[in-house]
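As recorded in Swiss-Prot:
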type: BINDING; residues: G15, A16, S17, A18, S19, G20, K21, S22; note: ATP binding site
Amino acid sequence: MTDQSHQCVIIGISGASASGKSLISSTLYRELRDQVGDQHIGVISEDSYYKDQSHLTMEERVKTNYDHPSSMDHSLLLKHLQMLKAGQAIEVPQYSYVEHTRKQETVHIELKKVIILEGILLLTDARLRDEMNFSIFVDTPLDICLLRRMRRDVNERGRSMDSVMEQYQKTVRPMFLQFIEPSKQYADIIVPRGGKNRIAIDILKAKISQFFE
């Protein structure tokens, strides 16, 4: 029989890059943390599980298609989700967008009652879907996502506007159409208008709050 005290609820939040996933995730985390305490809820980003590329040259690293499922170490993420469900702590890798590889340090996460898992490719992997208690797809128009991504990558990740636009045209948009948008069919809840949809956030909060009862 499974120990009820060790059950960890996994909530997946997916959608296009810069669709508002992180905003919804952080809003849900912050507001629920204030209700139940940070010892009961945590957030994990799929971005932390980009594959280690320390064995590659910088020239090779920058050619990586970060919007293709093959760029992700989903096997490690799956292992970590299963460990959390078994009541074990995990060490979440950290990724450098400047060096295009994993950092040396990790982030220690203890068992939580609820883990919010967010990322663009989560719903493309059936193994990850099987670990989720329910999933959300943030459905935001691509032109809005592009503007947000340009602002974010230039200001926060040291990218040039030209490089962001080139990546969007070569990989981001094609990979969204090939992998991410089709994965929307697996979501239990679809949230339009991104992270500022307050009604949707309140509905999600009510749903997640049930797991703390």
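Glycine residues also receive a Cβ, built from the backbone N, Cα and C atoms like all the rest.
The Cβ of S22 (ATP binding site) lies under 8 Å from the Cβ of S45, E118, G195, each on the same chain and at least six residues away in sequence.
Most buried of the binding-site residues S17, S19, judged by other Cβ atoms within 10 Å, is S19. Apart from G15, A16, S17, A18, S19, G20, K21, S22, the residues listed for ATP, the same chain places the Cβ atoms of I120, V138, T140, C145, R148, G194, G195 within 8 Å of the centroid of those Cβ atoms. Annotation for G15 (ATP binding site): same-chain Cβ neighbours under 8 Å, separated by at least 6 residues, are K21, I120, F137, V138, D139, T140, I180. Within 10 Å of the C-beta of G20 (ATP binding site) there are 23 other C-beta atoms, taking all protein chains into account. The Cβ of A16 (ATP binding site) has 29 other Cβ atoms within 10 Å, all protein chains considered. Residue environment of A18 (ATP binding site) contains 24 other Cβ atoms, counted within 10 Å of its Cβ in all protein chains.
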